[in-house]
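All remarks here apply to the structure that follows.
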Amino acid sequence: MESLEYHDVVVIGAGIAGLEAARSLRKLDPSISVLVVEASDRIGGRVEHIDGIAPYHIELGPEFLHGANNSSMFQLSKAMGCRLHEYAYPDRFYFGAERRMVKREELDADAEVARVHELFANLADEAIDQYTGENDTSVADYLRRKGVKESMMKLADALYANDFGCSLTELGVAECIQEARSWSFGDSYFILDRPVSSIIQWLAEGTNIRLLWPVAAIDYSLENAVRVASVDGRALQARRVIVTVPITILRDGDIQFSPALPLEKLRMIQSINMSNAMKVVMAFSERFWPEDLFDVVCTDCFLPEIWMTSATLSRPAPPSSSLRSFSPLRCPSSANLGKVAVVGFVAGERAKEMSQFSHDKIFRKALSQLDEMFGKATDCAMKQDEGEGLVDLEGTHSLKRRDDSGKLVTAGTQLMQQDTSSTARIREQQTVHASHCTSVSRAGEDYNKEQEDEEASAIADNHGEMVGGRLWKLQKSETNSGIHFSQRHNPASWHFAGGLVKDWSKEPFIRGGYSHPSKGAQGARASLTMPVLQRLFFAGEATHEGVNPCLQAAIDTGRRAANQVFDSLIQKPMSEGTRSRLGFNAC
C-alpha cells in the first residue's frame with residue numbers, strides 16, 4: 001500500500017489567505033501539523049514589488065490599504081510597527097477629450113458628477129431583490145436607466161469600475177449592493193512605509209512551505225484522509241485541505257476534484273469573475289508634475305488612473321531575513337533607473353486589449369498621455385505609429401532598453417536579469433531553512449540535483465517571460481534633424497528613464513487581477529465559504545461574503561477557513577468568547 005507524507009492540514013496557495021490560514025491554525029493549536037504548498041517559485045501570490053526603478057520600491061501588485069475601521073490589515077500593519085501615509089483618492093481628474101485637469105473639490109461642485117457619486121454611495125439602499133438571478137444587470141445599464149449622461153459614464157468607468165478591477169459593463173449590480181452594505185472600513189487610502197511583502201514575511205514566519213508544487217488533483221473520497229497530487233505525480237495526505245488559489249484557477253479546472261465538487265458549488269465558482277489588471281511603471285529623471293499631486297483619474301485616455309511616487313515616500317526595506325521566497329525583482333543596473341516614478345493602473349476590458357500590445361506601444365501611448373497632461377500646449381511632437389516600435393517623423397527616436405551593464409541595446413535582446421541566476425535562486429528557495437520560514441524536502445524521494453536543475457531551469461525560463469516584464473529606455477537623438485521631444489512640451493518623453501509593464505493575466509498561476517462584483521453572482525461567495533464534507537475548505541478574496549477583493553479580505557477569509565478547520569478537527573466549535581480572546585472574530 002502506498003505510503004504518503006501526512007499532515008493534519010494542507011493549505012494550497014501561499015498568498016496572503018493561505019499564509020494567514022496556516023498562521024491562524026498554528027495559533028489555535030501549535031500541535032496541528034500544517035503544510036502550505038505553492039505552485040510558483042515564490043510566496044506572496046499577487047503581492048510583488050521591484051527595486052531599482054526609483055530610490056524606493058515599486059509595488060507590482062496591491063499597494064493600498066483601504067480603510068482604517070475594522071480592518072484586519074490595518075491592525076496587522078500597526079502591530080508590525082508600520083507607519084501609514086494617508087492620501088486623498090483621487091485628488092485630481094483629467095478629462096482627456098477636453099484636455100482639462102480639475103481638482104477633486106472643484107469637480108465635486110458639478111451637479112452631474114455629484115449625481116454619479118450619489119448613485120454609488122446609495123447603492124446600499126437599493127432593493128437587492130430586484131436584481132436577483134436573471135434580473136441582475138451591469139452597472140453600466142443601471143446608470144443609464146438612472147439618466148446618467150455618457151460623459152459621466154466614462155467618469156464612472158475610470159473612477160469606480162477600474163478601481164473594482166473591471167469595466168463598467170462587467171460590474172454586477174447585485175454584488176455591488178452587497179459590497180456597499182458590507183463595507184465598514186471607511187474611505188481612507190493608505191500606503192505602507194515598507195513593501196507589502198514585509199507583511200508576507202511576517203505571516204510566513206514559522207510556516208512549513210513547499211514551493212514549485214502545483215496541485216493537479218484532490219481526492220477527498222476517503223473518509224479519514226484527503227489525497228493531494230501535484231502535476232508531476234508527487235502526493236500528500238491530510239485530514240483537511242484548504243484551497244486558497246485564485247478563482248481563475250478554479251474556474252479553469254486546473255485542479256481535478258474526486259468526487260467532483262457539488263454542481264451548485266461549481267456553478268457558483270463559474271459565476272464569480274476576475275478580469276485582468278496591469279500596471280505600467282515609468283521611471284523619470286526628474287519630477288514634472290505638481291509636488292502636491294498624488295493620483296489622477298483620467299477619462300478618454302489610455303491610462304484611466306495614474307499615481308505619482310517620489311522619494312518622499314521612501315520606505316525602509318524589510319528586516320533582514322533568510323526568507324528569500326518573496327525576493328523582489330531588481331533592475332540589472334546597480335544604479336536606480338530614475339529619481340521618481342509614475343504608475344498607471346488599468347483593469348477590465350482595457351487591460352484585456354492592452355495585454356495584446358507590445359511593450360513599446362504601451363509606453364508610447366502612456367508617455368503621450370502624460371505629455372498631453374503635463375506639457376505646455378504645442379503641436380504634436382511625434383506621430384503615433386500603430387506598428388511596432390516608437391519613431392518620430394525622421395526616425396530620430398527609438399525605444400531601447402538596458403542590458404546588464406546599463407548600456408542601451410536594441411529591442412529583442414534579453415533584459416530582465418536578477419542578482420543571481422533564476423535556477424540558483426529557485427533552488428535556494430526550495431531548500432531554505434530558517435526560524436522565519438521552514439521548508440521540507442520532497443518526502444519519499446532521493447535528492448537528484450541534476451533533475452532539480454532541469455526542473456528549476458524550465459520554470460525559470462517561464463518566470464523570466466512571465467514575471468516583471470521587460471525594462472525599457474527611450475533614447476533621445478543627438479542630431480538636430482527631424483522633430484525632437486521638448487522638455488517644455490513633452491516632459492514625460494523628455495525625462496523618461498525606463499519602465500516596466502506588469503500583466504497579471506500572464507502569471508500562469510494567477511491569470512488576472514482580483515475578483516469583482518459580478519453579474520449573476522449573488523450568493524456565490526457565501527456558497528464558497530461552506531466546506532465540502534468537512535474535508536475541503538476554501539479561502540481567498542473571492543470567497544469573502546462582503547464581495548471585498550482587498551488585502552483584508554484575504555486575511556479575513558484565511559482566518560475564517562482556519563476556524564472552520566479547527567472546529568471540524570476538534571468536533572467542538574469554539575465559543576464566541578474564546579474566538580474573541582484569540583483574535584479570531586468571524587469575517
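From the backbone N, Cα and C atoms, a Cβ is placed for every residue, glycine too.
Residues annotated as FAD binding site in TrEMBL: E38, A39, V215. On its own chain, V215 (FAD binding site) has I12, V37, A39, V228, A229, S230, V231, V245, D254, I255 as residues at least 6 apart in sequence with a Cβ closer than 8 Å to its own Cβ.
Taken from TrEMBL, the feature substrate binding site applies to F345. Of all the Cβ atoms in the protein chains shown, 20 others lie within 10 Å of the Cβ of F345 (substrate binding site).
Taken from TrEMBL, the feature compositional bias 'Polar residues' applies to 431-441.
According to TrEMBL, the domain 'Amine oxidase' annotation covers 16-376 (among others).
What TrEMBL lists as domain 'Amine oxidase' is 487-565 (among others). When pLDDT is averaged over the domain 'Amine oxidase' (487-565), the result is 95.
Per TrEMBL, region 'Disordered' is recorded for 418-448.
Same-chain neighbours of the FAD site beyond E38, A39, V215, judged by a C-beta within 8 angstroms of the site's C-beta center, are, in sequence order, I12, G13, A14, V37, S40, W213, P214, S230, V245, F509.
The most crowded of the binding-site residues listed here (E38, A39) is E38, judged by how many other CB atoms sit within 10 Å of its own CB. DSSP labels the residues of the domain 'Amine oxidase' (487-565) in these numbers: 31 helix, 15 strand, 33 coil. Between F345 (substrate binding site) and E38 (FAD binding site), the C-alpha separation comes to 27 Å. Comment: FAD site residues E38, A39, V215; largest CA to CA distance 8 Å, whole number.
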